[in-house]
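Residues or ranges marked as ATP binding site in Swiss-Prot: Gly112, Thr113, His114, Gly115, Lys116, Thr117, Thr118.
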Amino acid sequence: MKHIVQQIHFIGIGGAGMSGIAEVLLNLGYQVSGSDLAEGAVTKRLKGLGVVIHIGHDPKNIGTTEAVVISTAVAGNNPEVLAARAAKIPVIQRAVMLGELMRLKQGIAIAGTHGKTTTASLVASVLAEGGLDPTFVIGGKLNSAGANARLGRGDFIVVEADESDASFLQLFPAMEVVTNIDADHMDTYQHDMARLKQAFVQFIQRMPFYGVAVLCIDDANVRDIIPFVSQPVLRYGLSDDADIRAANVRADGTRMHFTVDRRTVRRHGNKPGPLNITLNLPGLHNVRNALAAIGIATELGVGDEAITKALSEFGGVGRRFQRYGEIPLDSGGSFTLIDDYGHHPVEMSATLAAARGAYPDRRLVLAFQPHRYTRTRDCFGEFVQVLRSFDALVLTDVYPAGEAKIPGADGKSLMKAAIAEEKNSKALLNSAAVAYAASITEMPEKLRQVLKDGDVLITMGAGSIFALPHTLSEAKHV
């Protein structure tokens, strides 16, 4: 590509998926520019690396670029898109550019409705500890690297494969992981689960004959598609028929301990033995994510010592059960602050279970911003069940992500339903422990009404709530 195109412009460069690709291309020697609506930590970092950053969208930003990269969040009437098309400059989707990057190395693509970022981070960390020095482009900041992307010298590139817009069908990886298949972004699949499953089968079939699909056998929908996959499959999970199987699982604060039985044969012919794992992450869902990384590493011949060391020393990922420490309360005492990206009921339930395991004797308080009206509508009942499983709750309205408002699928409706539900159940949540904030800026005041000494506060959501933990930690008290 480089002998034809040297200047590349990203519209919406501050997005997690876009910024990582931009950084790797810059390190490969391309001239990279980008624009975004607002300046943030990501754009500042990219600017410091040498990317030309424009704040705001303007046709002039296109300049002499030879290719323009957009995500599905960028509208077709964006002024820079219109200018590029008028000038006959190619406008390509983010997934297409990611696919071009993957042509340079052997791709390891992590797919699934939930857990992609953590699993990709674990895979990258284990391969790095094993001396394979991978390139990675992931959706969150890998704390050990201080970034969500890195150009390695090794033969492999670890990426996230996005099913939300079916763009994972643009990729041709050599190895794949599927963590789970759940009903989300169903507009893409005409609200048909069969179509969604078929898309994952198509994704797996894009691998070459020497590839391997590492699939979570614990997930019913993943199990359903295995008979339709012709490529080699490595099954992982806690199920008895898993090839990479965890057992003797126990929680120890924010760490998990378990043994791993590997019933596979390494590519170089030596049968791997059992492993004793200490994972520096909480929750059963992260045990499964670690098993996926163990499966990939085992297939690539990474040594057992490197696998166990990488998992025990894993530094975490930004906004995935990210711990901010203790925050003092004005009323006396303090609370523990944790931030998480979860925005689907399944993800929220997994985080809740991890928190209950890590902090079994403490109240769990949730500050939640729903994400997208369609998801709130489609998963309304599941959201209510999760919300009322916390001990206290502060809700705000839905982050629309460009969607039009849907009556009855908003924050106030969720709050009312969560309170009403308790009358017919043994839910822990009660109306005295619930508050509604009209905006994110009102949340600190509402939290003062519900937080008590010793509480664990989890801020959760995929929208503008990402700024709340920073606000709370910088204030040094609530």
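Keep in mind that glycine also has a Cβ here, set from the backbone N, Cα and C atoms.
Note that the coordinates shown come from a computational prediction; the quantities given were computed from them, not determined experimentally.
Around Gly112 (ATP binding site), the same-chain residues at least 6 positions away in sequence with a Cβ under 8 Å from its Cβ are Thr119, Glu163, Val177, Val178, Thr179, Asn180, Ile181, Cys216. For the recorded ATP site, residues Gly112, Thr113, His114, Gly115, Lys116, Thr117, Thr118 set the reference point as the centre of their Cβ atoms, and the other residues of that chain within 8 Å of it by Cβ are Ile110, Thr119, Thr179, Asn180, Asn289.
Sequence-distant neighbours of His114 (ATP binding site): residues of the same chain at least 6 apart with a C-beta under 8 Å from its C-beta are Thr179, Asn180, Asp182, His285, His344, Val346, Glu347, Ala350. Taking a C-beta cut-off of under 8 Å and a sequence gap of six or more, Thr117 (ATP binding site) has these contacts in its own chain: Ile138, Gly139, Gly140, Glu160, Val317, Arg320, Tyr341.
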